[in-house]
Amino acid sequence: MARRPALNLTCQYDREIKKRGRRSNASKQNLRPLRSVTARGSSEPNDNEDSDTTRPSRSTSVNAMGGSQLRRGLVASQEGDQYDRLQLSPSTLRSPHDERAGLAVVAEPHQTLHSARTDSSSSIAFPFSPRVTASQGILLQYPSCRYPCLETILPGLKGFMSPNEACNLLDIFFTEPGNSLSSSHCPYALTTILRKSSLLHQSRPRSTSPALLATILWCVAQTADRRIYYVPGARERITSHLYSLAMSYLRLRDMDNWHRVAGGWQLEDDCTVNVDGCQSDQARRTFSAGPQPTVDDVLTFTLLAIVISGGVFKADCLKWWNKAVCLVKYLGYHTESGLMDNTGVSNQPLAAIEVHEERRRAFWLVYVLDRHLALSFNRPLDILDAECQVLSPLPEDIWQNLDMISPDAIPRPVYGPPTTISGPGLFEYFLPLMAILGDIIDLRLRRHHPRLPVDDGSSCLDTIRQALAHCETSLGEFAAAAMSPTDPPPGTLTKTQAQLVVAYGAYIIKVLYVLLHGEWDAVSMLEDHGNWIASPSFSECASNSIAAAQSITDILSVDPELSFMPYLFGIYLFHGSFVLLLFAERMPQIGPNESVEQACEVIIRAHEVSIVTLSTDFQKTFRKAFRSILYSVRRPDSVDPEFPVLRKEVLSMYRWTMGYRGLCL
């Protein structure tokens, strides 16, 4: 006790006298109930809370724990055998591969048209914090969040991205592609597999996995034109955090991170041992049921593959691409019987249609990308037409307005991919082209088989040529119906959309003719060891290459920035230019040709515009090779003798002969 002389007051304090040293086990047990009650009653997260209240000890096996301890860690599902719900605390988000996940109860999902779906993510959702469970509580905590579907990942964005910015990214994701850079369309959002009105519903949003939501935000943030990305380094910092968030959610959903044991399922991370000989303190947790993948996981893997394949490290996309293909086949989405299994909405006809169509569209998106990546990476197809027994997807305008259309008014689709163009949606104009491209890839691989006897392939060639002719005819019919000066365009189609589809479709059809008749490798074409230039195939290839160059002019007139389909268009622009490169290379021997020079200038301009819209290294490389050839033609006296060698070295970076990997460096 002391006395302050200035104020004449007595200063004192009381404190409990405690023993020095570590706390005993008995005292720890007495504190646990109090902490547990405090955590449940608190609405604010407490990152410093004792982790013993949420998970078993690392050094104790789940199988060896007592019943009371096991009940504290594992939450039994309604069916008794369902996969235990795991969660990650925001404080643990330090890297894309967090080592541990706690076990907690998941809030009951919204009772919506989607909540009855057994394949919805609600059955295996991983909330980010067990303390924020009610949707009303989260929306009160984040009043600026316009879309309740984001409630599960908002705690992971706290202090990093505002709810309003996250909602803006969702708006961009659902923006339709246009013909101007002023539009906010995401180039990696090829089509909307999920209905916009369903996911963004204000009171009953679609139950969506947090991993997919985080991946969508990461995908859009790559190119989003918003103020928060203008600060130097901001885009890299934001995309890195969103990727870490997506990986943290995806870790427990990915079947590759689990394996089966006699008593159930175990995480691969739990089964590691210390290779230095020290005793491991890691528990091997066994769960009665493992991960139950859904269509959300297919879309998550597919988005990851798309974005990474459009970046610098293209080969890294193959990991995610293989996961997407394997999961589609594992879930049975390549057959109608597999699509119909385990929907859980048999008493809701419209809900069942939506569930089946989501799965169907997810499969066809993987099918389209399979053909596109097979051309880009010079690889065989992963999804064969012989194993596909799926109905064609619904038209885009019907799909987006499904809840306003009577089930009887929905058109009856047919089996297999369409081979004619019928509308502005990806599955209406690009899926037919990719179906034909798959046939061309199959024919090329058959011709190069080293052992099996192969005929001249004339029957297959004629069949593919006929399919291309029918596709070209359907494009003309679509153009006539959509751009009629008297009749308005059908449905929600605008004349601008029709012009874009017609211009791009006409060009890609000509490129498919070039791929059918021509050489795929630029170096082999320039060397011409097999005297291909003297063959009839070269004439077919040359005429279609010139027609394709003319189509480029039409595309640039309606889409000056080439922003309609920048992710997909680059490889077709690339392959459609090879024959013109050959013409330009031989002009010093055969004399100048003004039409060839003009066509080359158009191709170079198209590559330059593409680089500005969505920069890719292979287009920069090809543009340099093209420009050097034109320079040597126009100024032969000032050309360095090393130019041809350097040009060949540049073109040799991307090879399409058998055994090479195309753009996949």
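Heads up, the Cβ atoms here are built off N, Cα and C, so glycines get one too.
Taken from TrEMBL, the feature region 'Disordered' covers 16-96.
The average pLDDT computed over the domain 'Xylanolytic transcriptional activator regulatory' (317-399) stands at 91. Here TrEMBL flags 317-399 as domain 'Xylanolytic transcriptional activator regulatory'.
Tertiary neighbourhood of the transmembrane segment (564-584): same-chain residues 177-179, 187-188, 190, 306, 310, 372, 375-376, 430, 500, 504, 507-508, 510-511, 514-515, 518-520, 522, 525-526, 533, 541-542, 545-546, 548-549, 552, 593, 596-597, 599-600, 603, 606-607, 610, 613-614, 616, 618-619, 622, 625-626, 629-630, 633, 663, selected by CB-CB distance under 8 Å and a gap of 6+ residues from either end. Under the heading transmembrane segment, TrEMBL lists 564-584.
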The domain 'Xylanolytic transcriptional activator regulatory' (317-399), counted residue by residue under DSSP: helix, strand, coil: 56 helix, 3 strand, 24 coil
